[in-house]
Amino acid sequence: MPFWSIHIEGQVQGVGFRPTVLRVAYAMGLCGKVFNTNAGVTIDLFCSKRELDEFLKKLRSKLSSLAVISKLWIEELPKIDSFPNDFYISPSLLGENKSANISPDFGICPSCQSEVLNSENPRYLYPFISCTQCGPRYSILNGIPYDRLRSSMGHFEMCTSCEEEYLDLQNRRFHSQTNSCPDCPIDLRIFPETDHTFPMPVDLMDHAVTIIQSGGILAVKGTGGFLLLTDATNPDAIQMLRKRKRRPRKPLALMVHDEIMLSDFFTVSHEEKELLRSAARPIVLCKPKKYTDLHGTQAWVAPGLSLLGVCLPADPLMFLISRKVGRPIIATSGNLHQSPLQYKDQEAIEKLMGFADAIIYHNREIYFPQDDSVFRIAENSGQKIVLRRSRGLAPTFWNKVRIKAELPVLALGADLKGTFALWEGHNVYVSQYLGNLESFDTQERYLDTLTKFLDLTGIQPQQILMDKHPLYHSRRFADNFPYVNVTEVPHHEAHFAALLWEHAALDADEPILGVIWDGLGFGNDSALWGSEFFVFHSGAFERACSFDYYDYLLGDKMSIEPRLSALAICYISGGTLDLIKGKFSSQEWSLFTRMLDKGGHAQTNSMGRLFDAVSSILGLCDFNTYEGEAAMLLEQLARNYFDANGQAAIQSYFMDSIVKDKISGADLISQIIKDKSNGLDSGLIAAKFHLTLVHIISQVIQNTGCRKVGFSGGVFQNALLVDLLHQYLGEEYQLLFHEQLPPNDENISLGQMAWFHIKNRSQKLKIKSYVLGDSR
């Protein structure tokens with residue numbers, strides 16, 4: 001009998017892959033076995049070539065939508081006379097090389113939603129219901145290959161009923177590694193303990209719901225960590241949450257129970273609804289309807305903004321709580337100010353009781369904490385914009401083109417939106433969003449996550465990549481790998497390289513223009529770049545154009561106070577300073593202008609700070625209370641004007657100072673100041689500013705002659721700008737935007753690896769590297 005060994009890699013563990021293989025084999029009467037390996041899944045089959053082909057065809061048609069096959073190859077082994085007389089699931093094969101793609105956490109599926117609300121079902125109102133198609137995966141994983149014993153579910157023994165389901169081929173929980181029920185439960189607990197007794201989890205959940213409905217704040221342990229919940233229709237509750245969390249204006253996310261409630265409160269496009277109902281269960285920015293119970297609190301939920309972040313429940317506990325509350329609830333991350341998400345029970349009790357009136361938690365351990373992923377859809381173009389890649393999406397990155405690493409690589413990413421990336425063989429992992437590394441607690445979380453992930457995968461990096469900025473905290477993590485080669489990667493080239501990797505364009509023959517606009521990154525001339533145009537061709541990045549430099553006044557304080565950006569750029573614009581002088585005390589004005597006169601400051605051409613400057617000049621924001629606030633308010637103002645007036649009569653500013661490789665931001669600001677001084681509507685000025693940026697890009701495209709144009713950097717989280725780019729440039733040029741990763745600094749870690757690959761492939765360019773211990 002012919003003997004075939006089928007090796008499959010991809011998202012094939014924790015998605016019901018082996019049960020599907022078994023069912024197809026049983027239906028065809030085939031003999032053999034299937035088992036997890038450190039690399040994926042292996043199927044041993046004893047059958048003819050015709051039966052093999054039919055088996056693979058049927059398997060592909062029966063697989064869950066969660067399954068992803070990235071590689072499949074078949075070995076024909078020597079025929080044998082003795083072979084199994086049936087088909088079965090064999091124990092996982094362990095080994096040293098742990099290269100399996102890691103499945104993310106999956107939101108509660110429709111079948112489990114139906115069961116948990118069915119009073120005749122054994123899992124009625126059980127807050128930890130799951131199956132092969134939903135439940136925690138990455139967050140509870142502590143070993144590869146994925147099995148119950150190599151997860152935090154290994155501490156829970158299945159009851160007889162769950163064991164029978166686990167072994168029943170016809171049961172949808174056949175070989176479900178997260179199986180549990182009220183007879184072998186994960187324990188739901190509350191702190192502080194009350195005088196009431198809660199004989200059943202439903203009683204405790206009812207108590208939790210009462211806290212929310214009465215205007216209290218509840219901390220609840222979700223799949224990836226703790227969330228703070230309160231009534232989204234109660235302005236007093238929202239204000240109390242903001243006060244306790246020291247979060248005066250940053251938008252808060254909402255949770256609605258189901259799609260019916262979603263449609264009651266929000267106008268949602270098809271693309272937005274598909275994202276919301278996806279297994280990742282992300283937050284999606286959506287437009288709230290008028291004249292609902294949310295209308296009176298919208299200004300408290302997201303001050304100054306027209307879109308609200310909303311999500312559907314990701315896990316059964318949240319599903320049951322939100323259903324019982326019966327109205328939208330605030331669901332924001334449970335963390336201290338500027339600290340990462342809390343996920344350990346005792347630490348949450350110690351740190352969140354200052355925020356919450358009670359804490360609901362359980363004894364299923366979280367190994368890899370994760371914030372919610374966040375998306376928005378550009379209104380007119382439908383362009384999907386990833387704002388945060390975390391729970392439900394991390395950690396596996398899916399390559400359009402399989403590129404093999406010559407040696408194991410670790411990329412340390414940037415600082416503001418920290419991630420790390422690992423590349424071994426054909427497998428690429430990009431960590432979940434880890435936060436701002438200026439916080440010591442976040443640095444500790446980054447290192448802890450990296451250490452656990454290296455242990456999980458068994459990867460031993462032989463090449464470290466890090467940002468070129470000498471003061472980035474992420475660079476310090478390289479010290480944990482002595483005697484490993486270290487290479488510095490230019491920040492903006494990494495942005496561009498990440499985009500090229502996503503679009504399988506690392507080896508592109510034709511030149512591609514990259515528009516890389518962000519807050520800042522260390523430039524090759526030691527200035528702080530942020531408004532760059534690169535042409536990528538034949539493995540080289542050529543800086544084709546950029547905005548002129550201006551003083552980086554008071555360093556990083558400038559990113560917190562948009563008024564400083566306005567002052568620094570206005571000071572060299574030649575225009576009047578009267579519009580901004582009132583933003584400073586007399587002492588501040590005297591000090592700051594003397595500092596500008598004296599000079600000697602670091603230089604920057606940050607596009608992010610240019611947005612801040614315009615926002616300040618128009619009176620929108622002089623002090624950011626959260627990252628990007630000034631720019632978001634400016635985008636909102638421009639969007640409002642476009643919506644009310646259309647575009648026909650709006651002209652961009654005349655930029656006659658684009659000369660070869662330099663653009664004058666000061667000239668643009670002087671025209672804006674003139675318009676503002678003449679009493680022009682601020683909304684029109686904001687709209688003209690956005691249009692001007694599009695026309696500047698158009699002019700640079702014409703100057704370079706490129707037909708493909710890519711966009712990366714945090715500025716391209718601006719959906720209005722993305723819409724305008726599609727409208728004005730989309731028909732004539734091929735536009736490349738990020739698809740799997742955010743345009744912000746979360747993509748830097750992958751970009752560092754892409755840059756390294758490009759440079760290694762190039763015969764013309766040499767990479768400057770050193771071993772730790774050398775002078776940096």
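Glycine is no exception: its Cβ is also placed from the backbone N, Cα and C atoms.
Neighbour density for Arg18 (active site): within 10 A of its CB lie 22 other CB atoms from the protein chains shown. Taken from TrEMBL, the feature active site applies to Arg18 (among others).
The active site annotation in TrEMBL covers Asn36 (among others). The C-beta environment of Asn36 (active site), restricted to residues of the same chain at least 6 apart in sequence and closer than 8 Å, consists of Gln13, Arg18, Ser92, Leu93, Ala100, Pro145, Tyr146, Asp147. In this structure, Asn36 (active site) is part of a beta strand by DSSP.
Sequence annotations record features per position, and here TrEMBL assigns domain 'Acylphosphatase-like' to 3-91.
Feature annotation from TrEMBL assigns domain 'YrdC-like' to 202-392. A mean pLDDT of 97 is what the model gives for the domain 'YrdC-like' (202-392).
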